[in-house]
Each structure stands twice: as structure tokens, then as C-alpha cells.
Amino acid sequence: MKKTATPKLRLLLSNDDGVYAKGLAILAKTLADLGEVDVVAPDRNRSGASNSLTLNAPLHIKNLENGMISVEGTPTDCVHLAITGVLPEMPDMVVAGINAGPNLGDDVWYSGTVAAAMEGRFLGLPALAVSLGGELFRYYETAAKVVYQLIQRIEKDSLPPSTILNINVPDLPYEELKGFEVTRLGTRHRAEPTIRQIDPRGHPIYWVGAAGPEQDSGPGTDFFAMNHHCVSITPLRVDLTHYEAFDQLASWVKRLEM
């Protein structure tokens, strides 16, 4: 009996560092062995764009010589356009990254990388966001290899429904990683103060302050795993409902007067 060839995956890649980012190029090259790779990414750095979607202006795209597609928009725009109109075929999975810098704890609320994965999940696809820790960004290949392994695992076992994986990888050679840890989000202290300066014309300008230092970073958190040279895998969900608050809210809502 003739064996039927296993169909190859079709992967959609995006990021928030921009279409020319090193991490994106290395990820695309590594994942090409798994199937067809489509890259649709912002035309420039869009870090911190979160889930913003452009609704009040047209979006221009450009087909680059290397086969990637550049979008004059946010990471969410990129994934939305790719899935709903730009790509000729529906992808099987969305992978966002490799981000230059970690997305830990409260970072996920602002991250364009996580938002790109989340948009894929909104549109019904399995989705991963991957970020490289540290500040020097030397070992993108390590993060790419981790993603390669995870995708192979997901192919066999699938993801739980409505789950996004937020993956953070230490900036180390692969051989120096201490393992994989399933983690929860930690938290940071409040952000550093806004920085006020004066421009050359004498007008005040402002810079958003740096992210706050680690606060909740004990065992079980994404911070802890990364600090101990482990890959952090945090399952995220789209449902933001605070179910534990229902009873308390219900008790005082009854006392409201119409």
C-alpha cells in the first residue's frame, strides 16, 4: 500500500521589531524545514504597539525581494491582513518573533509580539509568541531551535483551545539551557517616572519611563525560569473576565438604584 505523504505546515510569521529584524530572518530560515513559511511584518519597529488595529487609514503593503511582505501598520494589522485577505492560502499556525528582548509578566499587555500571536488566536489559529532574553541578543538560533521543537510537539498533541503560548528563551547557547518550564506570568513594580526634556525650540517633550523591576518573580513565574536559564512557556488566554470578582460585584450591584 502506498503511503500518503504528510502535508507540510503553512506557517505565518510576524513580529514587532520590523520586517528587517535579525530574529525574524533567523526564525523564517529555521522553520522553512517544517513547511511553507509566509512572512508578513511591519515596515519598521513597532515595539509596544500592543493590540492596536488601524481603522482610520489605508494600509500599504510591499512585496520584498526576499519574499517577505512589508506592511505599513502594526503587528496586529499584519496578522489580520495576512489571514483575511493577503495570503492565497490559510496558514495552519501563527508564530510571532523572535523578539529582541523578553516579554515577561506585565510586558505582555504592551507587547506587539504577543499581540500578533493573539490576533492569530482571535482568527482561529494556534499561535506562539517567542522572545529572546537579555540585552545583547547573541543567540537567536537558540530561540529558533526551541520554537522548531515546540511546533513539532504541537503538531502531535495540539494546543488546548483558546491558548496562546508566550515563550521566553535565555540568550544562551542551546547546550547551556537548563530545560523547559511551564510558568505563570510574574509582575513588575510600577514603571519608572516619565522623562521630561526640552527640545531645541524650547518646547517640553516626554519619554515614557523604563519598565519597573521584577516584583512577583518567585518559583513558578516566567521571571524565575528565565533567571535560572530555563525556557519559560506561559499559556495565555484571550478571556480577560475576572470570574472571582462575580460574587462581590453581584452583592453591591443589587444595591444600585435605577
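Including glycine, each Cβ sits where the backbone N, Cα and C put it.
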Matching residue for the divalent metal cation site, where Swiss-Prot names D16, D17, S47 - out of N63, N66, N99: N99
Given the divalent metal cation site residues D16, D17, S47, N99, which other residues of that chain have a Cβ within 8 Å of the mean position of their Cβ atoms, reported in sequence order? N15, G18, A21, N45, R46, P75, A100, G101, S111, G112, T113
Between D16, D17, which of the binding-site residues has the fewest other CB atoms within 10 angstroms in the structure shown? D17
Considering the binding-site residues S47, N99, which residue's Cβ sits among the greatest number of other Cβ atoms within 10 Å? N99
